[in-house]
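Worksheet: one structure, shown below.
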Amino acid sequence: MSSEKKIKFFSDFVSKREGKDSYIVGRRKLNRYIEVSDDAYEIIKSIMELENLELIKHELSSFSTYEIENFISELVELNFLEIINGELITSENIQKKGISFPWISQRVLKIIFNKVTIFLWALYISYVYLFLFPHFPSSLLDYTNIFFSKSLLITTITVTVLDFILVMFHEFSHFLSIRLLGGELGFIGIGRRFFYFVFETRIDNIWLLEKPKRIIVYLSGMLCDITLLSFFILVANFTKVPFFYNISRVAILLLVVGLIFEFKFYLKTDLYFVVADILNSRTLMSDSLKFIKNCFKYDGISVVSKYYSILICLGLIIELFILVKVGIPTSILAVVQTYNNFINKEWDYFWSNLVVILLTCIELFFVGMVFIKEKLIKSGNSSSQVKGLKRYKPTNFG
């Protein structure tokens, strides 16, 4: 075999069948995968078996030399090939920042999450939502529950801390599910969402899991929210301690808003990934947005993307509902409460509340500026994306 024609994938290169006419291929260490058609996989399979470019071209006589070489050049660009034409290619080095919790093993999680515990969890959830929830005294979206104190500073700190803790539980549930179903996969890191530091679950190689397991991982955060919501409903129903009651009502509001957030289909929420995976559409969001931007007249997209555009519009209606139901009334009540502090000469409350309102306005201004800046940067970089051969339909996803 001529070393000048040698071609070889990196040792961590993997492949698996995803559907009737598609495969998922990629590298574990890079957490980079593409979905390819049967035609593309024929080339990949020949590379793995023959490891010689001349033999591959001879074996795949139904493909032109241009098609084979063009597809191989894409594999090189993706850093999938270790050797091409006898030359060694340096592997990318992606540093993983975060905590992997090595002591939380798959074996331990399988002991905890067994059929008995899942059955008991289902009984508990059924009890709360079938027997307690119908008799809950007020609306779950009652924004007045936030204002349990005259001080907006205390209210803001309480909401911020609670929201941080609830998001941490939500993300950690994603981590536990991927560790349970995928072994060593997944780790927790700290990310930035505008000006805030938040916990983020970084799931490596999720595409190596079977589709039902991937869907469980996507939904695990919402299942955690539903479980936490049931707990706080339980506390609010039975506690006689004002502090626990107030905290529970604030947590209930935050969790309900968080669950509704998942139905904002114009964002890539957990629920979006469930829908996209079920429909086998890796470009569902971009195609649907393109359809909407063309006034629902674009013919170059799939039927599922056209239908998903309806869900995007529904997501915007949900956003408007939350704004009218919670966002605007909360802001008005905060201003009214501050005004009443001024009228009643409650200067300590007035000045602290005024500072909170001013800081909130400044924050919203900067959030808007950051959002606009990121949109401009994204639009400027959109022309540099790699396009694959239509015949092979390579789809990038992580």
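Start at 1 and count along the chain as shown; that gives each residue its number.
Backbone N, Cα and C atoms are what each Cβ position is placed from, and that goes for glycine too.
Listed features, source TrEMBL:
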| type | residues | note |
| --- | --- | --- |
| TRANSMEM | 112-132 | transmembrane segment |
| TRANSMEM | 152-169 | transmembrane segment |
| TRANSMEM | 215-237 | transmembrane segment |
| TRANSMEM | 243-261 | transmembrane segment |
| TRANSMEM | 307-329 | transmembrane segment |
| TRANSMEM | 349-372 | transmembrane segment |
Top stretch by Cβ pairs under 8 Å to the transmembrane segment (152-169) (candidates 112-132, 243-261, 307-329) is 243-261
Other same-chain positions with a Cβ less than 8 Å from the transmembrane segment (215-237) and lying at least 6 residues past its termini are 121, 124-125, 128-129, 132-133, 136, 166, 169-174, 176-178, 181-182, 203, 206, 209, 244-245, 248-249, 251-252, 255-256, 258-259, 262, 270-271, 273-274, 277-278
